[in-house]
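TrEMBL has this to say about the protein:
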BINDING   20, 27, 156  xanthine binding site
BINDING   128, 129, 130, 131, 132  5-phospho-alpha-D-ribose 1-diphosphate binding site
DOMAIN    32-156  domain 'Phosphoribosyltransferase'
Ligand code: G4P
Ligand code: NA
Ligand code: NA
């Protein structure tokens, strides 16, 4: 998405070699027009997959996942985050480390909203090491649901998340790939 690249160049800023600040676009403020555009693009790529549910993790994935779910005409479920471990018989829970915050959190999805009947499209804003993503994928597996694929807005290809998830045999569709943030410069991968 050329438009998205331009917006990242205009409104994003490099924090360090690993982290791109995009709070004007994805993590704090969102542009509804641009978000709906992304939702349409993911829906277009996964239209033939008979998706029954779009899944994401709160909070930054929600707007994009909503747009995709709206376009596909299916519900959106967002995994909730919890600060402490709680065992819950009515929910699927996974522990995941957070790349930016340097802490561990638990993500959970109620068993009422995900089942073996579902064919899931997983949407996320940014993929780094893929820890959070792998946690959510384990939840889909535990639920016995089918994962049709993953749609990611921004993939940092110098980190291993996208690659390792593809190596698991999962289809990962990315709108924008960034191959380097070194020297305060955003480099897109073609
Ligand atoms: P991963 O699954 O790819 O490993 O993601 P990871 O756990 O590394 O990411 C944890 C959080 O860090 C995610 O947000 C993710 O979007 C964010 N993140 C990773 N790399 C970057 C980056 O370069 N820039 C920014 N701005 N965020 C990054 P989260 O914990 O889910 O928080 P939220 O934004 O959804 O509330
Ligand atoms: Na985020
Ligand atoms: Na996210």
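Quick reminder: no glycine exception, Cβ is built from N, Cα and C everywhere.
A map of TrEMBL features onto the structure.
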{"residue": "20", "record": "xanthine binding site", "Cβ within 10 Å": "18"}
{"residue": "27", "record": "xanthine binding site", "Cβ within 10 Å": "14"}
{"residue": "128", "record": "5-phospho-alpha-D-ribose 1-diphosphate binding site", "Cβ within 10 Å": "21"}
{"residue": "129", "record": "5-phospho-alpha-D-ribose 1-diphosphate binding site", "Cβ within 10 Å": "17"}
{"residue": "130", "record": "5-phospho-alpha-D-ribose 1-diphosphate binding site", "Cβ within 10 Å": "24"}
{"residue": "131", "record": "5-phospho-alpha-D-ribose 1-diphosphate binding site", "Cβ within 10 Å": "16"}
{"residue": "132", "record": "5-phospho-alpha-D-ribose 1-diphosphate binding site", "Cβ within 10 Å": "24"}
{"residue": "156", "record": "xanthine binding site", "Cβ within 10 Å": "25"}
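Comparing residue 132 (5-phospho-alpha-D-ribose 1-diphosphate binding site) with residue 20 (xanthine binding site), their Cα atoms are 18 Å apart once rounded. Of the chain residues outside the xanthine site list 20, 27, 156, 12, 19, 21, 22, 26, 126, 128, 154, 178 have their Cβ within 8 Å of the site's Cβ mean position.
DSSP assigns residue 132 (5-phospho-alpha-D-ribose 1-diphosphate binding site) to a helix in the three-state reduction. Filtering 20, 131, 132 by Cβ distance to ligand 2 (under 6 A) retains none of these binding-site residues. If you compare Cα positions, residue 27 (xanthine binding site) sits closest to 128 out of the binding-site residues 128, 129, 130, 131. For the pair formed by residue 128 (5-phospho-alpha-D-ribose 1-diphosphate binding site) and residue 156 (xanthine binding site), distance between Cα atoms is given as 6 Å, rounded to the nearest Å. It is 9 Å from the Cα atom of residue 129 (5-phospho-alpha-D-ribose 1-diphosphate binding site) to that of residue 156 (xanthine binding site). Cα to Cα, residue 130 (5-phospho-alpha-D-ribose 1-diphosphate binding site) and residue 20 (xanthine binding site) are separated by 16 Å. Residue 20 (xanthine binding site) and residue 131 (5-phospho-alpha-D-ribose 1-diphosphate binding site) have their C-alpha atoms 18 Å apart, to the nearest angstrom. Counting residues of the domain 'Phosphoribosyltransferase' (32-156) by DSSP class, helix then strand then coil, yields 44 helix, 46 strand, 35 coil. Rounded to a whole number, the C-alpha distance linking residue 156 (xanthine binding site) with residue 131 (5-phospho-alpha-D-ribose 1-diphosphate binding site) is 14 angstrom. Taking every pair among 20, 27, 156, the residues listed as contacting xanthine, the largest Cα to Cα separation comes to 16 Å.
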